[in-house]
């Protein structure tokens, strides 16, 4: 894969296990700081559904040869500089970092056709600049009833917006018309962000 990557190495990225929404926020922040001209081509993508049971393959936390795991939600970063050059940066995948959109979707989500309806995946796609402004989390979802942490939090302070203390649920929600960005089914997501390099090529006769 040859391209001018926004993030040269995965080791250059802020990462804390089980805080994917914050990891992606940090990627957006890094682009704004180092490559601001590319920010308008970047997105934060939440994956979930009504029951918050979404199977993903090729995940570091997955089991078996296929490395499949069922998350309540997941978040990854996309850079879409050209119609057929969309790249996915997922800090939790076992695929390369980054991976071209088509390969990532094919190996990570496969198809909804073989899944029960309650496991179908939906995608909330949020422009990176919107995500930087509107995302806010006090990390309450990672605390047990006694106040202890389910997983250790990042060492930096919580990411809080000026208007909301905790709005993570609005991003995980897959109801159209609610929350920032746009919500797609798996097929709609592919139709919107995958453009075959052969589409639109005219041949001389």
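Placement of Cβ uses the backbone N, Cα and C atoms for every residue, glycine included.
The number of other CB atoms found within 10 A of the CB of residue 20 (active site), across every protein chain shown, is 22. The feature active site is assigned by Swiss-Prot to 20 (among others).
In sequence order, 20, 46, 47, 48, 54, 56, 92 are the residues near residue 74 (active site), counting only same-chain partners six or more apart with C-beta under 8 A. Residues or ranges marked as active site in Swiss-Prot: 74 (among others).
In the three-state DSSP scheme, residue 90 (active site) falls into the coil class. Residue 90 (active site) has a Cβ environment of 27 other Cβ atoms inside 10 Å. According to Swiss-Prot, the active site annotation covers 90 (among others).
The secondary structure of residue 20 (active site), as reduced to three states from DSSP, is helical.
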